[in-house]
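Positions annotated as domain 'MacB-like periplasmic core' by TrEMBL: 21-253. Marked as domain 'ABC3 transporter permease C-terminal' by TrEMBL: 306-419, 700-803. The feature transmembrane segment is assigned by TrEMBL to 21-41, 299-321, 346-375, 395-421, 442-462, 700-721, 741-763, 783-803.
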């Protein structure tokens, strides 16, 4: 019996090649979309789960409240790890990583090659007991034992030594804690294999903490055993027993912390214990880790929904075309029933044909996936290879989706066709029921609705991303060259370099400043600002510092007062405030100008505070991600040598020439420091990596859904034109024009599109309103995008429907009537 079903199915495939090609193409695109999106979802959900016993690995972090400001950080004080290991038997291991954010300069003296990196981990030997990154070279038991040893990532090892085994070779480091910033010799003890892309830990260099201690002064070493907030550079990881009561440990350890912390009624510091496998989707930790290491789980839901919508459109195509072309199979069904076939046999036959179609489509989909994988990697920001396609979970989901689509897509056609009465079909009585027509129309409405929703969503996402990239800092970012300032050179070196660069009349804006716009753990913005005239009540504001040219480099717009002047030495103690700071004070502009203030970071002692006078007010600008409200900001013209980024504004059209000139002068002043540069616009790209990725994926899958919908409309219009061949012929004989015939076949689709618009417009508005709520500053949802999306769908429908209609209308009417 199965052979008979297969023979009939293959015979029908040959007879209806065009129909089956449309179905297979649509289903193949849909299945390929599902496979790629689920591959992305598996990778995101698998972050940090590749470590053995990952379910029992945790991050020991900090929750802090101070002066009305509250935040959660992945950093813990230096003394916390030893304390929790000594007091709680359920915590069976752990490791502490110092990641300060200061750039370090690494040099291979043999080749004089210099590389700079902020991605440096200072670790103890217990690092290898918690994290299991495979070694390419080196002894896993002793790789972290040598006091002056250094372990390289595979990427860095290739940059320095190519494909050689570098173990035992020397490498030098110059760091902010190096005496007089001199290079200190290290010995390479190992090379880590390339990190999995879904690991939030991906250091370039791993060096013994003992080495860092030997480089520090006695005062600097104090924070290594500090109970308080300190500089906040410790990433502390814990390994617990299975089923350990984490809430109980956290509660008891909090009491330990409170007993050892200095009493401060104005602030509260509490430990938090977070699962390692949840770090990637924890938005509170965005400031603790690289932005690209922190994801947003709601985007996974959006991508999963997108895959579902695309496969629904493909399934609708199949159901519509299968039921629409039932007339071609009607007599066959009637004869089979007369000859004794029951309904169950007919249902199995049609379901079998549907499954054969979908599994042929699956083969085509796999070819599509292989072809599109490099492009998908670019859009999604991933590094998938063909090996990733062999994951058991992905194979299971793809096969399951194929089986489900085959059964669901074939179910209605099978039930509908198997229910036809033999006497009706053999006598050529009209057998298409109102219910089947209404279902077909309903499916077309659903298809239109999904297509409009995807187009509208893509349009609004693109508009929001364009808005982000047009912000004050972003607009200047294409011209603003960012150079990693290592923090190892004195301000005198910086001033000397700046003067050399300014000798070029086309390079007249140079500044040293915080790391903008992507503030991270080093460039913390949090400062306590007080005004003696207002009672010394501290305000938790953001603080930014640079030299006199900072406002010009960032194109800051002056609202009142004046900017910094390099010819006025007193301006090194001056401050600019933004509009939000003035609003927070509740005073008019003229009252704020001239006010005296003091400012310090929360972890600094009171004797480290800086004083100054407000000389100007600048318009608010997004100095952080626009997910955050623009908060009060104080800007000083007093750079620190550890400020990490030097900015040079380049003239348009001469980027490469001027970069080469700046690099030449850099090497004259700082021959031992690598020249590491990028444009600020690239920093914005990294800051909004998640949003850019989602926008790109939405554009890609929206195009695919439109293509699938067009294939379905083409097949359906072809069927309708064929079904009304005699009517078209008679109308032509009676004098109907081509335009009238086009309107005859186009109007039903237009009516269905109108119904879809009534559903898609309010639903699309609601969906995008919720998405935009995540942005503090966002574009309005205007009617133009909805009108443009509807117009695009109308045009596509007109083009697709017109092709078959025109072909039918141009056929000789006598042939059409005779054929019927």
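Cβ from N, Cα, C; glycine included.
With pairs at least 6 apart in sequence, the transmembrane segment (346-375) and the transmembrane segment (21-41) have 3 or more Cβ pairs within the 8 Å limit; the two touch.
The listed stretches are 299-321, 346-375, 442-462, 741-763, 783-803; of these, 299-321 has the most Cβ pairs under 8 Å to the transmembrane segment (700-721). Per-stretch counts of Cβ pairs under 8 Å to the transmembrane segment (741-763) identify 783-803 as the leading one among 299-321, 346-375, 783-803.
Cβ atoms under 8 Å from those of the transmembrane segment (783-803) belong to residues 448, 451-452, 455-456, 459-460, 463, 706, 709-710, 713-714, 717, 742, 745-746, 749-750, 753, 757, 761, 764-765 of the same chain, restricted to positions at least 6 beyond its ends. Across the domain 'MacB-like periplasmic core' (21-253), the model assigns an average pLDDT of 86. For the domain 'ABC3 transporter permease C-terminal' (700-803), residue counts in helix, strand and coil come to 89 helix, 0 strand, 15 coil, using DSSP.
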